Amino acid sequence: MSFARSAIQSARSTLARPTRRTFVSSTSRLSESLFVHRDTDYNNPSIPFEFTPENLKRAHEIISRYPPQYKKAAALPILDLGQRQNKGWTSISVMNAVAKLLDMPRMRVYEVATFYTMYNREPVAPNFVQLCTTTPCQLGGCGSTKILETIESHLGIHPGQTTKDGKFTFVEVECLGACSNAPMMQIGDEYYEDLTPETTIKILDTLARGEKPKPGPQSGRQTSENSAGLTTLTTKPYGPGEFCTPEFQ
């Protein structure tokens, strides 16, 4: 009995202890908005949402790619379509509209939308800044910690917050798959890579003016090429002759 009591106390202590992130002194930010819905004045089922005619046509085109009995497989892309129409976030009304369109129980759509972090369960600003702080970005270049501090200082907000002017929302995210171009961040659909504090500020200022900065590496290199420049595929590749596409023949 005493052993069981000790085990329970140990488990409670572990769960209550704030988790800490490697290389960073701040505690990880856990958000129940991913898996819990509570009605608010800006997010409740009474707020209407309907796909625009253009997006409804696009949704039906997506659904047509799947066998009729498996059209629920279109939930992911159609949720994305709804989020884009709804100014970058997936409200309860968006999820209900997707469920109706796909003839799915609402709960099944909720399960999908709350599983993937790419579906924003809270409103975000037009410039949704997602900074990767996973290990490669912590170690690459100047390190993502410096970029995080630069963003916090320049925008005056911390991860999970939106600027007072409503132009920027800033969050930390896990690996975005551009490890060789670390540190990097995603803003909207674009990647900004090989960041330094200076280039980060330049990007943010450009967006604040309503302009679009050039995406990709900010160091001047092409994609992920090394410091020596292009070292492979420098000549026309040999191939099966007639089976090559015209540009390689």
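Any Cβ shown, glycine's included, is placed from N, Cα and C.
What TrEMBL records for this protein:
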| type | residues | note |
| --- | --- | --- |
| BINDING | CYS132, CYS137, CYS175, CYS179 | [2Fe-2S] cluster binding site |
| COMPBIAS | 219-235 | compositional bias 'Polar residues' |
| REGION | 208-249 | region 'Disordered' |
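Feature annotations (TrEMBL) mapped to structure.
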residue	record	DSSP class
CYS132	[2Fe-2S] cluster binding site	strand
CYS137	[2Fe-2S] cluster binding site	helix
CYS175	[2Fe-2S] cluster binding site	coil
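Counting only same-chain residues six or more apart in sequence, the Cβ atoms lying under 8 angstroms from the Cβ of CYS137 ([2Fe-2S] cluster binding site) belong to GLY143, SER144, CYS175, CYS179, ALA182, PRO183, MET184. Highlighted in sequence order, THR133, THR134, THR135, PRO136, GLY140, SER144, GLU174, LEU176, GLY177, ALA178, ALA182, PRO183, MET184 have their Cβ within 8 Å of the centre of the Cβ atoms of CYS132, CYS137, CYS175, CYS179, the residues recorded for [2Fe-2S] cluster, and are not part of that set.
There are 13 other Cβ atoms within 10 Å of the Cβ belonging to CYS175 ([2Fe-2S] cluster binding site). Spatially close to CYS132 ([2Fe-2S] cluster binding site) yet at least six residues away along the chain are SER144, GLU172, VAL173, GLU174, CYS175, LEU176, ALA178, ALA182, PRO183, MET184, MET185, GLN186, judged by Cβ distances under 8 angstroms.
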